[in-house]
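A.B. asks: Got these off TrEMBL a minute ago, pasting:
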ACT_SITE  69  active site, proton acceptor
BINDING   70, 73, 75, 77, 79, 92  Ca(2+) 1 binding site
BINDING   199  heme b binding site
BINDING   200, 248, 251, 256  Ca(2+) 2 binding site
DISULFID  38-119  disulfide bond
DISULFID  71-76  disulfide bond
DISULFID  125-324  disulfide bond
DISULFID  206-232  disulfide bond
SIGNAL    1-26  signal peptide
SITE      65  site 'Transition state stabilizer'
């Protein structure tokens, strides 16, 4: 290759690296965003979360799931919290992926009330979701998942029940559909495998897995299938009773890597969980997460921060809601 062409390649590569570096430095979110205007903000959120999780560990699982369902639809802007109004009768929270399974709205209200008492009109509902999910991860893992999350998100003003159906892959999804749903949001295959590990906590409605895991042939472990059939009516997804069961029956309230052992032993609830073994790449990641101490926890911290930065609204975009369930009209 001619010396001139080589020099051009080097210059182009250097320019790209510079652009990437500038892009990284120009992130609109900041660690300690509320340091000056509400210095106790993060401590207030953590205090409420510690109390809520001590009463019911499911409150922590609810916050982690809420962050995912919020960020994948309209970005991390708390649009999932908005209640129906005459002007917007069908917001995201009424969409099938969220209703009736998404929980934690009252807990967000409690946190918001505490923050408004300390520093009115300062902390966004979107940041409350991000802080709550971060704190839930730390508390439920006994400190093994412990990270800082940048803040400065603002709250959205649009919410429609049609949007979650476009962006939240259902639990019966295959690996290709799951990967596509993550890539369109700027996440990759490893993020998918790592964030799926959150299924180590929380509960699921039977309707989310009975049709494709129990009512037809699947790779689910026979013992688990028998147990689940004792808990879940066969018509749970078609109007029958729809109880909930633990997602991880081994360590149901612990944020740990047990999920990956469950994937390997075919003792997971969802087709989307089992799908992680359907490619060599993702199966290898499952094995690594199951076997290497600290491997999953370290990557989960990074993936949570990455997810919490999806399509955020900052600066003059959006607003700081006074009530997380309603947009400000003033």
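Backbone N, Cα and C define each Cβ position, glycine as well.
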A.B. asks: Taking only C-alpha atoms and a 10 A limit, tell me which of 69, 70, 206 are near residue 76 (disulfide bond). These are the recorded positions.
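C.D. replies: Neighbours among recorded positions, in sequence order: 69, 70.
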A.B. asks: Any idea which of the recorded positions 71, 73, 125, 206 has the thinnest Cβ neighbourhood at 10 Å?
C.D. replies: 206
A.B. asks: Report the residues of the chain - excluding 70, 73, 75, 77, 79, 92 - with C-beta within 8 Å of the mean position of the site's C-beta atoms, for the recorded Ca(2+) 1 site, in sequence order.
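C.D. replies: Checked against the 8 Å cutoff, the neighbours are 69, 71, 72, 74, 76, 78, 80, 156, 159, 163.
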A.B. asks: Using Cβ atoms only, which residues of the same chain lie under 8 Å from residue 75 (Ca(2+) 1 binding site) while being at least 6 residues apart in sequence?
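C.D. replies: For residue 75 (Ca(2+) 1 binding site), the qualifying residues are 156, 310, 311, 312, 313.
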A.B. asks: Relative to the Cα of residue 199 (heme b binding site), which of the recorded positions 70, 125, 232, 248 have a Cα no more than 10 Å away?
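C.D. replies: Neighbours among recorded positions, in sequence order: 248.
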A.B. asks: How many other Cβ atoms sit within 10 Å of the Cβ of the residue listed as 'heme b binding site'?
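C.D. replies: Result for the residue listed as 'heme b binding site': 23 other Cβ atoms within 10 Å.
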A.B. asks: Just how many other Cβ atoms lie inside 10 Å of the Cβ on residue 76 (disulfide bond)?
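C.D. replies: So the Cβ neighbour count for residue 76 (disulfide bond) comes to 29.
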A.B. asks: Would you kindly give the Cα-Cα distance separating residue 206 (disulfide bond) and residue 79 (Ca(2+) 1 binding site), rounded to the nearest Å?
C.D. replies: 27
A.B. asks: Specify the nearest of the recorded positions 69, 70, 71, 119 to residue 248 (Ca(2+) 2 binding site), where nearness means the distance between Cα atoms.
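C.D. replies: Closest recorded candidate to residue 248 (Ca(2+) 2 binding site) by Cα: 69.
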A.B. asks: Looking at the recorded positions 77, 92, 125, 324, which has the shortest Cα distance to residue 206 (disulfide bond)?
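C.D. replies: Closest by Cα: 92.
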A.B. asks: I'd like the Cβ neighbour count for residue 251 (Ca(2+) 2 binding site), meaning other Cβ atoms within 10 Å of its Cβ, all protein chains included.
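C.D. replies: Residue 251 (Ca(2+) 2 binding site) is surrounded by 16 other Cβ atoms within 10 Å.
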A.B. asks: Can you grab the distance from residue 71 (disulfide bond) over to residue 251 (Ca(2+) 2 binding site)? Cα atoms, rounded to a whole Å.
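C.D. replies: Here the two Cα atoms are 27 Å apart.
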A.B. asks: List the Cα distance (Å, whole number) between residue 73 (Ca(2+) 1 binding site) and residue 65 (site 'Transition state stabilizer').
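C.D. replies: The separation of the Cα atoms works out to 13 Å.
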